[in-house]
C-alpha cells in the first residue's frame, strides 16, 4: 500500500507529542495534526506544566509509573541539552507540605523524581500550619514555549499542521488510514464519551522572580510553581464547570492562599488570570477501536482524558499511542497484501 496517512485530532500537549512519537516510530507514515486551536489557545497553554503525577483510579499504578518515568527521562534529557531554554524546560526544587501526615509517605513516583526525602524540622518551620512534608527536585515545562518547540520538531520531521474543526471522525475516513483522537474535553462531542467531564482550573501567572522553589499543599489545591519568566499560582478544581471566564472572587482566594504559604508573594506584580478545562476521566482512554459503518471500517486510536496530570505522563502515553498506531498500520498492510493474493 502507499505511505499510510495518519491524522491526529487535537494540538494540545497530548496531540503534538503523540504526532511526534508516530513520526519517530513509523517513519514511512504521513502524519497530519488537525485542530481548530493551536498554541497559545489550547488548554495545555494554561497548564502549570509541573511533573508531579496525579493518580488515575482506573489505571494500574505500574502503568502510571511507566508513563511518568518515560516522560521524566525524555524531558530530563531536553533540560540537559542546548535546547532547554527554547523548550522552556528546567529543573525546580521545592516542597510538598501536609497539614496531617499522609497515609502514603512514599508516593509511587518518589524514586523517579530527584532527591526525594522527608522534610527536616528546620525546613518545616517555614510552614507553621503544616506538620509533614516532602522535599524533591522535579521538572517544569513552561507550556507555550514547550508547545511551540514541539510544533517546530514536528515540522522538521515533515508533519503537516492544519487548522480544521473536526466534528465527526468519519469525515476523515476518505483521507486517512488511521485517525488518532487526542481531542481532550472535545471528546464529549467528537465521540460521545459520557465518562469525560471538565474540571475547571483557574490560575494566576505573576511576576515574582525572587520565588525560586515550588511549594505545593498536599491536597493539590494550593500551589506555587516558578517558571522561567513567571510564577504560576493556583488553583481550583471545579468539576462539571464549563465556564472559561475568570472569577474575581476566585482570583483573590487563590492569591490569599498562596500568600499564606509564601508571604513574599504580596509583592508580586503584573497578575494575569488564566482559565482552562481539564479533560478528566477515571482513567486515560488509551486504546484502539475499529469503527464500522455500512461495511466500511475506520481504524481509530484514542489518547485523551488526562485531567490535571497530562504534562506528567504526556510522553509515556504518546509512545503507547504510537505503538497502537503501528499495530493498526501493520494490520492494514497485512490485509492489503492478502487482498493482492
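Cβ coordinates come from backbone N, Cα and C, glycine included.
TrEMBL labels come from automatic prediction, so no person has curated them.
Database features, via TrEMBL:
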- 1-19: signal peptide (SIGNAL)
- 5-324: domain 'FAD dependent oxidoreductase' (DOMAIN)
- 43, 44, 166: FAD binding site (BINDING)
- 223, 278: D-dopa binding site (BINDING)
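Here the binding-site residues are 43, 44, and the one ringed by the most other CB atoms within 10 angstroms is 44. Each of the binding-site residues 166, 223, 278 was scored by the other Cβ atoms within 10 Å of its Cβ; the lowest score goes to 166.
Mean pLDDT across the domain 'FAD dependent oxidoreductase' (5-324) comes to 96 in this model. Of the recorded residues, residue 43 (FAD binding site) and residue 223 (D-dopa binding site) place their C-alpha atoms 19 Å from one another. Max Cα-Cα distance over the annotated FAD binders (43, 44, 166) is 19 Å.
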